[in-house]
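A short worksheet on the structure shown next.
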Amino acid sequence: MEGMRSLEKPKVIFVLGGPGAGKGTQCSKIVERFKFEHLSAGDLLRAERAREGSEYGALIDEYIRNGKIVPVEVTCSLLENAMKKSANNRFLVDGFPRNQDNLDGWNRQMSDKVDFQFVLFFDCPEDVCVARCLTRGQSGSGRLDDNIESLKKRIETYNNDSIPIIKYFEEMGKVEKIDAKYNADDIFTKVEKIFYKSGFQ
């Protein structure tokens, strides 16, 4: 027994949306307001890659260098470890599952270990996303992928791989869709309503 917490499965919300849809900004507001912990699959992979003595580091490095997606088992294990280590029981999983392989891996490895709530989907028109990312790049986001060539590829990947995942959850009635073309505060007002409705205070 790991104390009381092990009796209750961690509550998980997937946060999805195209590049520049404002996921990061909204996640930090949700963390502040509703006391969730924000887990970004990408950040976890980058941190693990840099961690001294990591069992996955070299593998992750090889995949990232070759522009390939890291095996879903690794990503799921990192997400699971982060949840186990946390004192929190509410998690935003950001930018995952981003394709069918991610989803299948999650369903195999994690779905019975968590209490999945819904997908928070930031639906943002492509031109708005592009403009936001380019502005972010110019203001020195330090993100090498905030340029027009990378962006086009990222948006194409998102349209081909991630949109079908969102449709899958929509068919289950598990998507909360938010029109993300407005400013961050207006968007968060809508986010708050969804969280209240779902029983989060």
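Backbone N, Cα and C define each Cβ position, glycine as well.
Curation plays no part in TrEMBL annotations; they are all automatic predictions.
Remember, it's a predicted structure, so these values are computed and weren't measured experimentally.
Residues or ranges marked as ATP binding site by TrEMBL: G20, A21, G22, K23, G24, T25, R136, Y182. Neighbour count (other Cβ atoms within 10 Å of the Cβ, all protein chains): 17 for T25 (ATP binding site).
Note: G95 (ribonucleoside 5'-phosphate binding site) has non-local neighbours V15, L16, K23, S40, A41, G42, i.e. same-chain residues 6+ apart with C-beta under 8 A of its own C-beta. Under the heading ribonucleoside 5'-phosphate binding site, TrEMBL lists R46, K68, I69, V70, G95, F96, P97, R98, R143, R154.
What TrEMBL records for N102 is CMP binding site. Taking Cβ-Cβ distances under 8 Å and a sequence separation of 6 or more, the neighbours of N102 (CMP binding site) in its chain are V72, T75, F96, I165.
Taken from TrEMBL, the feature region 'NMPbind' applies to 40-70. Residue counts for the region 'NMPbind' (40-70) under DSSP, split into helix (H, G, I), strand (E, B) and coil, are 19 helix, 1 strand, 11 coil.
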Integer Cα-Cα distance in angstrom, G20 (ATP binding site) to P97 (ribonucleoside 5'-phosphate binding site): 17
For the region 'NMPbind' (40-70), the mean pLDDT of the predicted model: 87
Candidate with sparsest Cβ neighbourhood (10 Å radius) among K23, R46, R136, the listed binding-site residues: R46
Closest of R46, I69, P97 to R136 (ATP binding site), Cα positions, binding-site residues only: R46
